[in-house]
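Accompanying notes for the structure given below.
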Amino acid sequence: MSVGELYSQCTRVWIPDPDEVWRSAELTKDYKEGDKSLQLRLEDETILEYPIDVQRNQLPFLRNPDILVGENDLTALSYLHEPAVLHNLKVRFLESNHIYTYCGIVLVAINPYEQLPIYGQDVIYAYSGQNMGDMDPHIFAVAEEAYKQMARDEKNQSIIVSGESGAGKTVSAKYAMRYFATVGGSASETNIEEKVLASSPIMEAIGNAKTTRNDNSSRFGKYIQIGFDKRYHIIGANMRTYLLEKSRVVFQADDERNYHIFYQLCAAAGLPEFKELALTSAEDFFYTSQGGDTSIEGVDDAEDFEKTRQAFTLLGVRESHQISIFKIIASILHLGSVEIQAERDGDSCSISPQDEHLSNFCRLLGVEHGQMEHWLCHRKLVTTSETYVKTMSLQQVINARNALAKHIYAQLFSWIVEHINKALHTSLKQHSFIGVLDIYGFETFEVNSFEQFCINYANEKLQQQFNSHVFKLEQEEYMKEQIPWTLIDFYDNQPCIDLIEAKLGILDLLDEECKVPKGTDQNWAQKLYDRHSSSQHFQKPRMSNTAFIIVHFADKVEYLSDGFLEKNRDTVYEEQINILKASKFPLVADLFHDDKDPVPATTSGKGSSSKISVRSARPPMKASNKEHKKTVGHQFRTSLHLLMETLNATTPHYVRCIKPNDEKLPFHFDPKRAVQQLRACGVLETIRISAAGYPSRWAYHDFFNRYRVLVKKRELANTDKKAICRSVLENLIKDPDKFQFGRTKIFFRAGQVAYLEKLRADKFRTATIMIQKTVRGWLQKVKYRRLKGATLTLQRYCRGHLARRLAEHLRRTRAAVVLQKHYRMQRARQAYQRVRRAAVVIQAFTRAMFVRRTYRQVLMEHKATTIQKHVRGWMARRHFQRLRDAAIVIQCAFRMLKARRELKALRIEARSAEHLKRLNVGMENKVVQLQRKIDEQNKEFKTLSEQLSVTTSTYTMEVERLKKELAHYQQSPGEDPSLSLQEEVESLRTELQRAHSERKILEDAHSREKDELRKRVADLEQENALLKDEKEQLNNQILCRSKDEFAQNSVKENLLMKKELEDERSRYQNLVKEYSQLEQRYDNLRDEMTIIKQTPGHRRNPSNQSSLESDSNYPSISTSDIGDTEDALQQVEEIGLEKAAMDMTVFLKLQKRVRELEQERKKLQVQLEKREQQDSKKVQVEPPQTDIDLDPDADLAYNSLKRQELESENKKLKNDLNELRKAVADQAMQNNSSHGSPDSYSLLLNQLKLAHEELEVRKEEVLILRTQIVSADQRRLAGRNAEPNINARSSWPNSEKHVDQEDAIEAYHGVCQTNSKTEDWGYLNEDGELGLAYQGLKQVARLLEAQLQAQSLEHEEEVEHLKSQLEALKEEMDKQQQTFCQTLLLSPEAQVEFGIQQEISRLTNENLDLKELVEKLEKNERKLKKQLKIYMKKAQDLEAAQALAQSERKRHELNRQVTVQRKEKDFQGMLEYHKEDEALLIRNLVTDLKPQMLSGAVPCLPAYILYMCIRHADYTNDDLKVHSLLTSTINGIKKVLKKHNDDFEMTSFWLSNTCRLLHCLKQYSGDEGFMTQNTAKQNEHCLKNFDLTEYRQVLSDLSIQIYQQLIKIAEGMLQPMIVSAMLENESIQGLSGVKPTGYRKRSSSMADGDNSYCLEAIIRQMNAFHTVMCDQGLDPEIILQVFKQLFYMINAVTLNNLLLRKDVCSWSTGMQLRYNISQLEEWLRGRNLHQSGAVQTMEPLIQAAQLLQLKKKTQEDAEAICSLCTSLSTQQIVKILNLYTPLNEFEERVTVAFIRTIQAQLQERNDPQQLLLDAKHMFPVVFPFNPSSLTMDSIHIPACLNLEFLNEV
């Protein structure tokens, strides 16, 4: 490849320019060897003739192709030289706003002078774990590289940050440390990473200052070592400092400041604790006012001082030490303001004893005032024989004072650094460390002194280390690829270093001159001239004898020798130091004590020059002479050697900070300043070393894909790509030295890639020309055929016309003579017609032209009108929308006010409706009771009818017996008894008739009473119906009013409530996630403690102590039926005595009443047993009598029944008491949350009281009736067995009872009427008892009527109370109206915002209160109904038991023996187990269970089995068993999930089972809301005794934790595949091209293996997830949420990588993305998951892919992009446009103007400032209720579970 080929026409080159350093130009003529000039065209179209040095043959630098401009890595450029580097940095910085660029192993960071959103936590996580060349250049990428190499290679690392002041070194070092603190956070609770970050504010306060170049310039260098343990967590840190600029303490140049701490302390001088410092404003002190302005724009010194104090506290510096530090700093300010007065002789001076500043200085440091005053103005001279005290001149005193101030500050600085290191020190063993070196760059000024000499000396050492490291890496790369290694000549600055530090070098001569008593700067300079004049790096200026020049690697620097000796000596008078050593304050004395003196070098120098100090890493030996330390140069050389030893022992990483301009303008690039810094920092040296070898490297595969177009067709048949590449290169590049074939890569010399790009472009251009030629030829052929056909047609018509003319001519000739006149006429006519036709044609064309013009004009006007219409419509709509939005805001505020009023009214009406509802509940109870009484009367009537029939049969038998006797008497001789017998028969018949008539009378009376009762019941039912209708009307009115008033706002409120619910659910689930993480962390710490201790013996495992409270974290009063008093007391205690204090007295009284009833029951039982014993003894002693006394039997039966009733009553009282306790607990929980709770509580007490009274009355009635029935039966049996004895005495147990007088008289008359002759006294007495029962029922009816009237009165009182509440609410509304009027005084925006916030918060709270009140009232209603059903069921059971007892007695009477057989029952869906088998159950069913064991069983079988066990415990009313089983189950599941925390199948299995158990507890809870889909059989399986609401909450929380673990596992499996499959893999083969890659692709952190994935791998993995979840019966809704979360993660990871990678932002990547997304959407549709919302989560990625493919040129394109990319933020759109990279030269870049247009159009968007998506964001999960269709009795337990100990019930 000849020079002529390179420098041909249209080739672009770089030429020098005095303003822009380098300028681009284009050749207008080919260059030929021997030409003396080049014909160039500049970018402004100016023609230039550029001369060439023929002897040197120095042609201008070639420019890289546009496709390579803007690369992430400068080494990827084909032409590596200074203009290419400068142009690439400029393009990236100005056009793409990229401040970071790689240059081989160096990260070039340009200070943007603007805050950029690229340092957040999301960016840290995005770079964590990534290879260095995979992402865009960033300081985080360098930090990740160092962290990864430390972890993999187990070798210490260093990050060297350098640059001049204002370039951003400190900020870059701070961000690197923040990255380490985030990624390698401490594993313990010491939070050492926070302390590391906290050291930055302190060091900035005491070591940073404002300079002309930087507002926060670091005036010292530091090296921070961050220590890591074996698990690579931060365990400690250590800091070394270098070259503190002490001279700034006493002098500042114009527009500069002293160290920040002085101004911060002055800003906080007004605080009470700083009164004793006697500080005022910073302008009042000499040391802080020399630079002029004492403030910095945008900096609050008081706020920064507070941060500094917080950092001191965080690092463990005690408050007393902080005050001492501030005293020392304040004393320095006072020392600088001491007034020194010169005496007349000029050789002495004095200080006034009344000097306030000196007094404050001595007081703050605790030294004697007189001594300090004396020794500030005097000095001691010691000779061999005597000691003299000598006075000093004014200048000497000022210099001594300044030296003392600098020394104090330097000692304090060293003390603070030492204590920071102590705070960051750790006792743990350090495994490795990463060092961050923040050090100054190369400096050169107009006047350079000792400080610049030390700084440039340090940079010489660092540059030498940098060059050797780069050279070493190059050599390793060549050896790895087996490339022949040839020595590269690079700049070696060892001679320059030897000039400075070698024996008899500059530093040695300086130290030697300092030891000479009369040494001067001029003598030292002369020695330098004599010694080093022959050195090539040392020069003597022509016009000066006190200056010298050193040729550094970056530039020549002239140093002025004045002040070198003084600064190197750094003299401080010993007498002053001795005074400070004798301070009464320990801290001050320790600062200057010899043992504590850490060696920081302090310097004193001339005023205007900067002053520098060193803190050496090694303390030197104490000097034996009067000097306190060695010279500054010696200390600096020693510390620098230690630093280089440390750096050489680590793997270095380089960050070079560039200052783009001196005016601190954001994104302004000064080429001159940039080139100067690039030359000084070694970036160009890196480029030169790379360019000397093979800077361009291509993998064989990438090279083949890129340059496949240059391969001949026959060579493509070869399958070996390496061979093809070899053949192509050998044919294209003739010089074999221009490339080398490595093991995996091809190495090219500089410029070869550009040459190959040129050949590739020429190939494409040739192919394009061929295609154009063919297409154009085809078009011309088509055009030729069309013209040929038209020509033939015209010829045919013309020839026909000529033939017709010839025929016409012959015809005219033959008839010429005859038709001459006709011929003439015809000829004239034809001429006229020709003229006329021509005129018509001309007119037609003319008119058509005018019509077309008119049409175009009308069309343009129509288009303009249309445009105006749309624009005006758009403007009108925008104006209307603004007006409508304002109106809506006003309407919302007004409607909210109106809604608030209506809501309060509705609340009042709702409360009244609830009261009516409760009244209706009472009325329904009364109606049910009356109906039950009617049924009982019917039963009694039936019983009496049966008794009457028995009596009739008895009389019939008696008549038959008498007939037999009559016949017997008739047969007896001698007697004539027929007459008497007939009379007796007649009398019996009469008596029988009377009995029938009496029975009829009783039946009529009973039927009348029954009719009356039915009528009364009907009236009550009618009244109840009226009340129900009234309640329904009220409800309908409430609903109608609410619908009318809230119809417009209902949709918005629903959306707001739904959004708030989602946010609340998200926050709650995040809390659950944090709780699970804390629990996991606690378990890990506990395991570690167990392993560390390893002590013998049994230690209780905290997991065994877990309970429901520890798992749920939601202690509350249960709503289940509480079995005993202790449980209720315990729950009240858990709520808190404060909340339940107001009802505790009622609670204790009820408890006392229960104890009294228990004692009474025991006494009655004892008396009953004694009575039975006495009766049994009487039966044994007394002989049998014919006249049986039935009193003991009757009393025994009565007492037995009464005992049973008392026992049942006692149980009911217990239940009532427990219900009341529950109400008390519920009221304590509500804590006066609603106004209706006291009313509901009093209503509950009244209902219990009324029910108790009614129960007492009913009990007496039942006892009376049952006792009479039993007695009547016994009397009837006695009457049958014995002869009738009318005079027999009968004693009835109820005769002693109190009976109403009128009822007794009426019953007596009835007895007398039926007792005319011989009567059955038992029967008559029975009739009398029926009367008493009848009267009892009448009393019950009266009682019910009285209760109804009482309830009506209560209802009226309730209405009055509600009216009073309404008045109060009206008053409150008026007050709020006044408040609202006051708010109108505010601005409109503030009014709207304030009103909306207040109304939303208030309405939300009120709605929540109302919902809670309604739910609790409905729960109480259901509870009371359930109680009533239980009472009715118990009463029916009691009646059935009594009927069974009567039937058994009848069977005994008949002497019939009946065998009772047990009926076989089916499986009831309950499993019974013993308490001791619980651990075995949990082990077999939870802990040791594998999902594969249940592959063929019912899904979620463990959940069903657990519920059946819970149901049996509920059936047996064993609350301890339920609690223990559920707690053990939850703990077992947690244990399994902790053990299998990376097993997707196990986690999915237990998520499905936990959700199913939760659904079962809801489905069978007895709550009607969950039972709507249950069958009748399933309703039988509901829980009866316990309400497990709290456990449902615990299971819900556990399900959330399991879901989050499932998502974490799935994301961990998918995340490594996403970037490779979505962005890097070629789904569409051959679509994407490969661009040249730079040095960073050779990152040592990259793995050797091929970890690429394709999209099919992701789809296979998601298929596996879907199959597992479906097979295990996970709810479909949860599966949808899982894949929505996973697709969001795919979207976030892909988009974040797209935003951080320039190499993938291209048109082909957009096509690949759209194809991949379409495949994922197709997969969702194939699995019926498209309703999950997963596609919506991919919308940002879809729009990013479309953005990559859209046109990006015109204004219309910008509008289309803005309207399309609604899911992308403005920052993301601009970032993608900045990163967009063409893949070939035929595609244009996105212009800066277009990007500015996009930004201007997107200004109105209120987008978040976050650039990246939160890949860790998790949507709140919802577990919708999903009832099962299976019944418990249909579930079969397989034998593989080993649950034989479970018994089916």
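Cβ coordinates are placed from backbone N, Cα and C, and glycine is handled just like the others.
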The annotated coiled coil range in TrEMBL, which must be one of 532-583, 896-947, 1520-1571: 896-947
Correct range for region 'Actin-binding' (source TrEMBL, candidates 111-133, 640-662, 1583-1605): 640-662
Residue distribution over DSSP helix, strand and coil in the region 'Actin-binding' (640-662): 9 helix, 8 strand, 6 coil
Env. residues of ATP site, Cβ within 8 Å of mean position of Gly163, Glu164, Ser165, Gly166, Ala167, Gly168, Lys169, Thr170 Cβ: Asn111, Asn214, Ser217, Ser218, Gly441, Cys657, Lys659
Residues that sit under 8 angstroms from Ala167 (ATP binding site) by C-beta distance, when 6+ apart in the chain: Ala109, Asn111, Gly441, Cys657, Ile658, Lys659, Gln677
Which listed residue (Gly163, Gly166, Gly168) has most other Cβ within 10 Å, given these are binding-site residues: Gly163
For Glu164 (ATP binding site), the number of other Cβ atoms found within 10 Å of its own Cβ: 23
Fewest other Cβ within 10 angstroms of its own Cβ, chosen from the binding-site residues Ser165, Thr170: Ser165
The domain 'Dilute' (1527-1804) [mean pLDDT, rounded to integer]: 85
Cβ-Cβ distance under 8 Å to Lys169 (ATP binding site), same chain, at least six residues away: Val161, Ser162, Gly163, Ser218, Asp438, Ile439, Tyr440, Gly441, Cys657
